[in-house]
Amino acid sequence: MKVLPASGLAVLVTALKFATADPNLLAATPRTFRSNYHLAQAYLDKYYTKKGGPQAGEMVARESNPMIRRIKELQIFFGLKVTGKLDQNTMNVIKKPRCGVPDVANYRLFPGEPKWKKNILTYRISKYTPSMSPTEVDKAIQMALHAWSTAVPLNFVRINSGEADIMISFETGDHGDSYPFDGPRGTLAHAFAPGEGLGGDTHFDNAEKWTMGTNGFNLFTVAAHEFGHALGLGHSTDPSALMYPTYKYQNPYRFHLPKDDVKGIQALYGPRKIFPGKPTMPHIPPHKPSIPDLCDSSSSFDAVTMLGKELLFFKDRIFWRRQVHLPTGIRPSTITSSFPQLMSNVDAAYEVAERGIAFFFKGPHYWVTRGFHMQGPPRTIYDFGFPRHVQRIDAAVYLKEPQKTLFFVGEEYYSYDERKKKMEKDYPKNTEEEFSGVSGHIDAAVELNGYIYFFSGRKTFKYDTEKEDVVSVVKSSSWIGC
């Protein structure tokens, strides 16, 4: 558990104080009023009491009854009719499950606009929930973080030990940060604004039933909201926004960050820059992805690799499978149908056939597979020894005879020794200087029968490793029957 910082908390909770009921609050029968009143006062104390609080005289000057003032604040925030009374619509809001971060102060950015001063953030899941398998939790968390990284120049790298920027855990009741959970329903989770100590940490109430679907509280939905706080956003008054404080299920596989959230997060970090070539980061696929027309396109594949006895060609949300020596029977499939964890837009891939494993790269992460079966959660590309300024791989190819993998990044490439498990010295080197006849940006690469095939735009260069020169050039689309 991190040490509680002196400031920068996203969660501001005060002690509950039960005052004498004011007749002006009454908007229910006497039988239900008392329970509504106590529930409402606890809710308002938790979510509508500003840190430090205004002076008592100021509170009285604004409203004869401070609770009426706070009820009106709640009604204004949620777009309700402003009555100052605990009417049915107001009580309906109060009874909804919600985030544990209060609604006071600025509704988009936290006071002082705290934000991270770096663009690579680490995260660690230190405690899991029994409601879901660890693999499901890992997937939901990764997808929730990815929802934000599509809009801003932030990348998230998972670590499995030590102190991360964003520590994630499932907790019960009083868990040591002074903001205890309240059991099933009520407060689902809370997060701390960027900063030292607890800054960025995100806690989920382990008393809830968490799920990847709708039979319980969807972890992706709640996690994506809480990570907005961990990045510096407050609550939004826009009911369509992810940062709206009450729970509303979002389908993880069809989710796109709403406009209000995009504006808020980009006000802190600016937009994510899109460079020529492949997208900087993958996009979550729509329900029915369209098939790229590579037969009439100047674009190349995103990645190419052998997998068993098949060649796989990746483009956007689609991949093609074909037997090496059989150019017929090639059909496209969605990436999610065979690799649900990858979702879309693979940057690079390669297979080490003698070990029976393959590697798939997206942004600063990679996945390991045996055949079409994922082997655990995503890992960081820095495991290979890349310098920190490298945030994505353009292409990768494994060379069987020297047992080395070449990684192409921009105009350069790195050489990784698969036997020693370390990056070779004196790299990176310039690609065009080292591979005679190869030109242009390398989008993908694969080795077959002693030749390296470099995919660059609409061209594929066949490079003879013995002659150390290109021996032919073909259309990239010819590989899938065009």
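From the backbone N, Cα and C atoms, a Cβ is placed for every residue, glycine too.
The active site annotation in Swiss-Prot covers Glu226. Sequence annotations record features per position, and here Swiss-Prot assigns Zn(2+) 1 binding site to Cys99, His225, His229, His235. What Swiss-Prot records for Glu163, Ala164, Asp165, Glu196, Gly197, Gly199, Asp201 is Ca(2+) 1 binding site. Among the features that Swiss-Prot reports, Zn(2+) 2 binding site is placed at His175, Asp177, His190, His203, with the record citing similarity to another entry. Residues or ranges marked as Ca(2+) 2 binding site in Swiss-Prot (evidence: similarity to another entry): Asp182, Gly183, Arg185, Thr187, Asp205, Glu208. Residues or ranges marked as disulfide bond by Swiss-Prot on the basis of similarity to another entry: Cys295-Cys482. What Swiss-Prot lists as repeat 'Hemopexin 1' is 292-342. As annotated by Swiss-Prot, repeat 'Hemopexin 2' applies to 343-388. Marked as repeat 'Hemopexin 3' by Swiss-Prot: 390-438. Marked as repeat 'Hemopexin 4' by Swiss-Prot: 439-482. The motif 'Cysteine switch' annotation in Swiss-Prot covers 97-104. According to Swiss-Prot, the signal peptide annotation covers 1-21, on the basis of sequence analysis.
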Rounded distance in angstrom between the Cα atoms of Gly183 (Ca(2+) 2 binding site) and His175 (Zn(2+) 2 binding site): 12
Going by C-alpha distance, which of the binding-site residues Ala164, Thr187, Glu196, His225 is nearest to His175 (Zn(2+) 2 binding site)? Thr187
Candidate with sparsest Cβ neighbourhood (10 Å radius) among Glu163, Asp165, the listed binding-site residues: Glu163
Cα-to-Cα gap, His190 (Zn(2+) 2 binding site) vs His229 (Zn(2+) 1 binding site), nearest whole Å: 8
Rounded Cα distance in angstrom between His225 (Zn(2+) 1 binding site) and His203 (Zn(2+) 2 binding site) is 12
Between the recorded positions Glu163, Asp165, Asp177, His229, Cys482, which lies closest to Asp205 (Ca(2+) 2 binding site), Cα to Cα? Asp177
Based on Cα distances to Glu208 (Ca(2+) 2 binding site), point out the closest of the binding-site residues Ala164, Gly197, Asp201. Asp201
Reported in the order helix, strand, coil, what are the DSSP residue counts of the repeat 'Hemopexin 3' (390-438)? 4 helix, 21 strand, 24 coil
Give me the non-local Cβ neighbours of Ala164 (Ca(2+) 1 binding site): same chain, 6+ apart in sequence, Cβ-Cβ under 8 Å, ordered along the sequence. Thr122, Tyr123, Arg124
Just to be sure I understand the packing, how many Cβ atoms besides its own are within 10 Å of the Cβ of Cys482 (disulfide bond)? 13
Sort Asp182 (Ca(2+) 2 binding site) into helix, strand or coil using the DSSP assignment. coil
